Structure formats: C-alpha cells, structure tokens
Amino acid sequence: MKTIIVFLSLLVLATKFGDANEGVNQEQMKEVIQNEFREDFLNEMAAMSLLQQLEAIESTLLEKEADRNSRQKRCLGENVPCGDFPCCGKLVCQKTFGYGWLYKSPYCVKPSNG
C-alpha cells in the first residue's frame with residue numbers, strides 16, 4: 001500500500017511539473033517559430049533586395065548591349081554596284097571605266113588623288 005501511495009504521489013508530481021514544463025516548452029516553441037519566421041522574412045527581404053539589384057544591373061547591361069547592337073545603315077564595299085545604298089568609309093560612288101561600261105551603273109571605288 002505504501003508503494004502505491006509513493007507511486008501515486010510521484011505521478012501527481014510528475015503531472016504537475018510536466019504541465020509546467022509543457023507551458024515553458026510551448027513558450028519556447030512559439031519563440032523558435034517566431035524567430036524562424038523572422039529569419040525567413042529577413043532572408044526573403046534580402047533575396048528581394050538582391051533581385052532588385054540584379055534587375056537594375058541587367059537593365060543597364062541590356063541598354064549598353066542595345067546601344068552596341070544599333071549600327072549604322074548598311075554600306076557597300078569596294079567594287080560593288082552602288083546607287084540606292086551608300087558606299088562605306090572613304091569609298092565614293094562613281095562611274096568607272098572598268099565595270100561601268102559593262103553594267104551601266106556606278107561602283108564604289110577609292111577616290112582618285114588627282
């Protein structure tokens with residue numbers, strides 16, 4: 001009988017202190033969950049900030065690439081029939097003796113020095 005009383009008293013004490021620890025555990029779990037949500041929120045905010053920075057860098061690079069890809073109008077090289085299109089660089093659109101008599105159109109040639 002004495003052993004049953006001892007075990008019952010231990011059961012009551014364990015239940016009482018177990019409930020107290022459970023309340024503490026619940027508070028600790030709430031704190032842990034809140035900290036995790038804060039960390040997740042901060043990580044998400046950092047990721048969003050990083051994403052915005054990357055988008056800004058990407059837009060500047062795309063602008064530079066668009067500027068680089070925009071080129072002058074196409075031009076014609078040396079000994080190519082010209083007319084509607086301009087000749088490149090220092091070439092001039094002239095009727096020449098060599099090709100002009102055959103095709104009856106001017107050609108892009110280097111300007112003569114004289």
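Using the three backbone atoms N, Cα and C, a Cβ is placed for every residue, glycine included.
What Swiss-Prot says about this one:
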{"type": "DISULFID", "residues": "CYS75-CYS88", "note": "disulfide bond"}
{"type": "DISULFID", "residues": "CYS82-CYS93", "note": "disulfide bond"}
{"type": "DISULFID", "residues": "CYS87-CYS108", "note": "disulfide bond"}
{"type": "SIGNAL", "residues": "1-20", "note": "signal peptide"}
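Annotated features, which come from Swiss-Prot, shown on the structure.
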| residue | record | Cβ neighbours (10 Å) |
| --- | --- | --- |
| CYS75 | disulfide bond | 14 |
| CYS82 | disulfide bond | 20 |
| CYS87 | disulfide bond | 20 |
| CYS88 | disulfide bond | 15 |
| CYS93 | disulfide bond | 17 |
| CYS108 | disulfide bond | 22 |
CYS75 (disulfide bond) as reference: those disulfide-bonded residues from CYS82, CYS87, CYS93 with C-alpha within 10 Å of it: CYS82, CYS87
Cα-Cα distance linking CYS108 (disulfide bond) and CYS88 (disulfide bond), given in Å to the nearest integer: 8
Integer Cα-Cα distance in angstrom, CYS87 (disulfide bond) to CYS93 (disulfide bond): 6
Spatial separation of CYS82 (disulfide bond) from CYS108 (disulfide bond) - C-alpha basis, Å: 6
DSSP-derived structure type at CYS93 (disulfide bond), helix or strand or else coil: strand
